[in-house]
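Colleague: Take a look at what Swiss-Prot says about it:
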type	residues	note
MOD_RES	THR2	N-acetylthreonine
DOMAIN	37-306	domain 'Dynamin-type G'
REGION	47-54	region 'G1 motif'
BINDING	50-55, 218-223, 248-251	GTP binding site
REGION	148-151	region 'G3 motif'
REGION	217-220	region 'G4 motif'
REGION	247-250	region 'G5 motif'
DOMAIN	532-624	domain 'GED'
Amino acid sequence: MTTMESLIGLVNRIQRACTVLGDYGGGTGSNAFNSLWEALPTVAVVGGQSSGKSSVLESIVGRDFLPRGSGIVTRRPLVLQLHKTDDGTEEYAEFLHLPKKQFTDFALVRREIQDETDRITGKNKQISPVPIHLSIYSPNVVNLTLIDLPGLTKVAVEGQPETIAEDIESMVRTYVDKPNCIILAISPANQDIATSDAIKLAKDVDPTGERTFGVLTKLDLMDKGTNALEVLEGRSYRLQHPWVGIVNRSQADINKNVDMMLARRKEREYFDTSPDYGHLASKMGSEYLAKLLSKHLESVIRTRIPSILSLINKSIEELERELDRMGRPVAVDAGAQLYTILEMCRAFDKIFKEHLDGGRPGGDRIYGVFDNQLPAALKKLPFDRHLSLQSVKKIVSEADGYQPHLIAPEQGYRRLIEGALGYFRGPAEASVDAVHYVLKELVRKSISETEELKRFPSLQVELAAAANSSLEKFREESKKSVIRLVDMESAYLTAEFFRKLPQEIERPVTNSKNQTASPSSATLDQYGDGHFRRIASNVSAYVNMVSDTLRNTIPKACVYCQVRQAKLALLNYFYSQISKREGKQLGQLLDEDPALMDRRLECAKRLELYKKARDEIDAVAWVR
């Protein structure tokens, strides 16, 4: 059977560890960790300025230790962890930010709270969500943890931003919104409960009242003839937990430094002898409130432990997976660094080849270049213009010169064919460029998909540069090859193709008297348009044959010179150069993204926190 001390102490230890790591709730964004703090049951003390909130806390502790003054005094959350010690032991306090330093003078505790507040917020009345942790060890307290939050206010004082009221409420809400937060709502009895800032906020976040404890202060300051029974007995505002009345020290008592133990006795006497509240005396006062909260907190902790363990185990799994993805810290040994770089290059190369071979998307775009882009480009070549009747007549005439051809204008044919074949250079080079750009995109995509490389932006840049440099060399070789294919077609025409064409001798054009035209007539006048159309048709047929050939051979050249080489030797030059580098240069390639290094460190710290918390819970024999 677990004890109240062990359960509340367990939560105290986990809370302190959370604060050290910066986990005090309110984490947002895709990179935010699960907040262990928010899963822990807490008691948040909420009240307006001058509600008597500080006096209630001091009554529970039995010590005068909180800063006092006008305006906003509490400007950072104060996590107050109370530890009951054996009777006769000396009281002392410890701050989380001053480990192993014990304060026995509680006036110095007050000063340190003020100084530590100013260290974060400055002295200009600003507020901060970063909590101060204060542990008090005393035989006069119960085991309990309370979070003192800044007092709710409506107006800003000099030196504060105009949004201070909204800022404070927003901070308070980050605590009380959480389902594991117990709300201790402090309201003064000498004001209408309907106007209580604490009750308004509690009702907003806890409309059923199951998480709210109402505390009514300043009962002794109410007008004569009036009392607060309507509230204390739950008739004017009902909560699921009983209201507790408190009588704090008067300002005169505070000025005289009246002992808190004496103040407790006076409070008990007030309720015991009060004609209005005597019947409620056993359930009134700061001592009863402390015991009530301690018992309830222990009960809530016991109930929540299974869900806390579930969150911890889930978070441990997620963090371990993330750390695996990010990889271990980089080795400092040059040999190990070189091995790490080569392993990552091999991982990249594997992914790159998978894109080309169909294991991943992207390689099909190269086929699209050959099956769609190249044929479309070949169809768009201006052969119709080149082989128009006017163009054929002009080229044949220029090829004949001063001696017209006798039967077939061979020189004209050759000029027409060579001119037409020159157009194939454009689609050939465009195919090479298109394949090059696909390969470059696959390099970029493969680098981004290589998990191991994500840690090292410098290596990513150098690897991309090396791969693209190799692709550029492959492109140049490929262009030479495809241009060579076109030039080969121009260099030697297939005469057999023309021998198989139907042969028709064109008869010279005769004059009206059935006489042959004069030899001195222009060449173009010797043959009819049909002769030149037949030449254009023959040349077109030959060009189409060459086009079909190039449509098959250009892809072969691109694949052989670019795709095949990219698979075989994309990083060969990089490998030869990287092995010559010294340790410092290798280390520069393995400089990680600072954000990633920070994330790994945070993950490792958070993982340590969760594992420690799990061990702490396992060490407590709590009853399920």
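Cβ from N, Cα, C; glycine included.
How buried are these features, and what lies next to them?
Modeller: Per DSSP, the secondary structure of the region 'G1 motif' (47-54) breaks down as 2 helix, 2 strand, 4 coil.
Note: MET222 (GTP binding site) has non-local neighbours ALA189, ASN190, ALA228, i.e. same-chain residues 6+ apart with C-beta under 8 A of its own C-beta. Taken residue by residue with DSSP, MET222 (GTP binding site) is part of neither helix nor strand, so it is coil.
In the predicted structure, the region 'G3 motif' (148-151) carries a mean pLDDT of 91.
DSSP labels the residues of the region 'G5 motif' (247-250) in these numbers: 0 helix, 0 strand, 4 coil.
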Colleague: Indicate the candidate from SER50, SER54 with the smallest number of other Cβ atoms within 10 Å of its Cβ, considering only these binding-site residues.
Modeller: SER50
Colleague: Give me the stretch from 47-54, 217-220, 247-250 with the greatest number of Cβ pairs under 8 Å to the region 'G3 motif' (148-151).
Modeller: 47-54
Colleague: When the number of other CB atoms within 10 A of each residue's CB is tallied over all shown chains, which of the binding-site residues ASN248, SER250 has the maximum?
Modeller: ASN248
Colleague: Using DSSP, what is the helix/strand/coil residue split across the region 'G3 motif' (148-151)?
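Modeller: The composition, in the requested order, is 0 helix, 1 strand, 3 coil.
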Colleague: Just how many other Cβ atoms lie inside 10 Å of the Cβ on LYS218 (GTP binding site)?
Modeller: 21
Colleague: Tell me, how many other CB atoms lie within 10 A of the CB of ASP220 (GTP binding site), whichever protein chain they belong to?
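Modeller: I get 16 for this one.
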Colleague: Tell me the residue counts in helix, strand and coil for the domain 'GED' (532-624), as DSSP assigns them.
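Modeller: Helix (H, G, I), strand (E, B), coil: 78 helix, 0 strand, 15 coil.
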